[in-house]
Amino acid sequence: HVIVMGHSSCGGVKGCHDMCSGAAPELEKKSSFVGRWMDILRPGYERVKDIKDPIERTAALEKEAVVVSLENLMKFPFVASEVKEGRLSLHGLWHDIGEGTLEHYLPEKGTFEKV
């Protein structure tokens, strides 16, 4: 089993949100190691960018970061093969630190559900 765990109030996700929304142009520079690392989450930002409220958008991006990570894992042929053969399972979880709740990702529905 491989577990990808995201959490509320994630500083890395907030940085990605700021970079992708134009609020942190210094992270867009090719010389920014952190910016290049955060750019991996850009597909998730693209999926939530139309959410008007920036706080809600950032919270949605926290969960999208989990989904993007699961998608990226499946791009490795050895991971995809093991999943297909049933020898490996991927799980996406998101923890709301303030509330103490845990949600798991349901890929067949494309949503998270409380555990």
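Just so it is clear, glycine is given a Cβ too, placed from its N, Cα and C backbone atoms.
A TrEMBL annotation is a machine prediction, not a hand-curated record.
Remember, predicted model here, so these are calculated numbers, not experimental data.
Going by TrEMBL, these are the annotated features:
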type	residues	note
BINDING	His7, Cys10	Zn(2+) binding site
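Non-local neighbourhood of Cys10 (Zn(2+) binding site): Glu62, Ala65, each in the same chain, at least six residues away, with C-beta under 8 Å from its C-beta. When Cβ atoms from all protein chains are considered, those within 10 Å of His7 (Zn(2+) binding site) total 15, not counting its own.
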